[in-house]
Amino acid sequence: MMSFPSKDTNSQTLFKWPWRRESPLSAQLLIDIPPEIELSDYRRLPSSGSESPSRLLDGEGVKEEPIPDLDIFFERLYEYFCTKGLRCIITKWIIEILNVLFTVCCIGFFFLYVDWNAIGHLKCGVEALESGEKPCDLMAAIKHNPLVPFTFPKMVTVGSMIILVTYGLINFLKFFVQLKSTLNARDFYYNSLKITDLEIQTISWPRIIEKVVLLQKSKKLCVVRDLSEHDIIMRIMRKENYLIGMVNKGIISFPIRPWLPGAGPTVKSHVHDRRNHVILPKALEWTLNWCIFQSMFDSKFCVRKDFLASPAALKKRLVFVGIAMLILSPCLVIFPLVYLILRHAEEIYNHPSTASSRRWSNLSRWIFREYNEVDHFFRHRMNNSAVHSLNYLKQFPTPLISIIAKFVSFVSGGLAGALIIMGFLGESILEGHIFGRNLFWYTIVFGTIAAISRKVVADELQVIDPEGAMCLVVQQTHYMPKRWRGKESNELVRKEFETLFQYTIVMLLEEMASIFITPYLLIFEVPKVMV
């Protein structure tokens, strides 16, 4: 079970280096590593002057050339398995490019070409006939010179389109850069493991790892030592394990206000003797990955000496990225806004109750994730915990809100039903206007209010057992901090749990807000704990 360290836990140094200055990051994460800072000796091939590894001179020796970069090779094997074959990889790549192009077109059309003021004054259908005006022409709401005048909002929109196009081009080129290693993984599946793309659709990952370990005994993928299942998974999860450790050791915790979007549970600070809030939105995760993990390892996937010897360079990199992100933040915030509209608008329109659905936050995924737990196993565990988590939150009914919600649901549902019956009697009736709106509009509004209010009403058959509900949650999340034990029915535990299991809409809005919060953290807070 993974949980944050308690107050009485001494901050022990996991990384001890023979340098004159130790950074808090190295002092918290590593443990008694020799000066070479080797995390693994598996990749080092014997040099020309070194002795041959054991068993290489016995018998016929190695049948094939060893794989020069096992870390990247096993990462490609796992990606190939998760994507389910070469055709799926190519199709996914094409779809991602098309998604980027579609998003760019949507941003350009709706933010630059559409005249929203003109749309607000258009009169169509019965309304146009009643006013004696000509039927509306939607082309009148399209701007012919969208960049004139070139205002600041238009500059932000163009900047966001340029950034998104650049992202699409990088993904486009990245596919061809990785194509050789992807084809090597495909050949390995076909020729060495005897697994076709059809079989990979249903085969389990443990079975693939078992085949690789058996193959190691005959073909020596690694010449230094025999590979085990644990060795392979550690190579795939090398960078993720570092981030899991940083979250669970409370390193990514800052002195921020509890109402700040994305603020999670509190942990004891390793810098100051106080409790800070852990926070890890997507924007901060991506920037930490680029600033730290992409420059942390050398070509042999060992921690670079200069990375630990010069903490000032890491601080400069964090501050530089923070300033750049602050400048680009108006452009970057358009992406999650457009995604929110494209991804959830139609779903909420047809199923309004989805507005109250919940999901695990990005921070919770790194709190709950265990060392060496590959992504698809972790997602399976989190999906299984969702139902139990919803049931736990239902253990805290609000009778007053439930009574009001019942009344609102009854009234709005009754009005929506009456309008629908009127529509069956005559469709033209719904074209009538009340207070400037036709009855179609009122039907949609009342139906939406009724659907949302029904989700708020407490289930009359609900059995109140917070301890039992939390037990079912813990069986899947494997997370039960000491401060929660014996206090499952406490309101403070519920509030902290809700910071991890959030409303989907709230979580998306917090991710948008994190684009402005992350620069502040990178410039002022992250260097204090990392350097």
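For all residues, glycine too, the Cβ spot is worked out from N, Cα and C.
Sequence annotations record features per position, and here TrEMBL assigns transmembrane segment to 93-113 (among others).
Under 8 Å from some Cβ of the transmembrane segment (155-177) lie the Cβ atoms of residues 93, 96-97, 100-101, 103-104, 107-108, 111-112, 147, 328, 330-332, 334-335, all in the same chain and six or more residues away from its ends. Residues annotated as transmembrane segment in TrEMBL: 155-177 (among others).
The feature transmembrane segment is assigned by TrEMBL to 318-342 (among others).
As annotated by TrEMBL, transmembrane segment applies to 400-426 (among others). Among residues of the same chain six or more beyond the transmembrane segment (400-426), those with a C-beta under 8 A of the stretch's C-beta atoms are 439, 442-443, 446-447, 449-450, 453-454, 456-458.
Feature annotation from TrEMBL assigns transmembrane segment to 438-457 (among others).
Listed as Cβ neighbours of the transmembrane segment (500-523) (distance under 8 Å, sequence separation of 6 or more from its ends, same chain) are residues 254, 260-262, 264-265, 279, 281-284, 287, 291, 318-319, 321-323, 325-326, 329, 332-333, 336-337, 339-340, 344, 354-364, 367, 389, 393. The feature transmembrane segment is assigned by TrEMBL to 500-523 (among others).
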> In the same chain, who gets a Cβ under 8 Å from the transmembrane segment (93-113) while lying at least 6 residues past its ends?
Replying inline: 142-143, 146-147, 153-154, 157-158, 160-161, 164-165, 167-168, 171-172, 175, 334-335, 338-339, 342
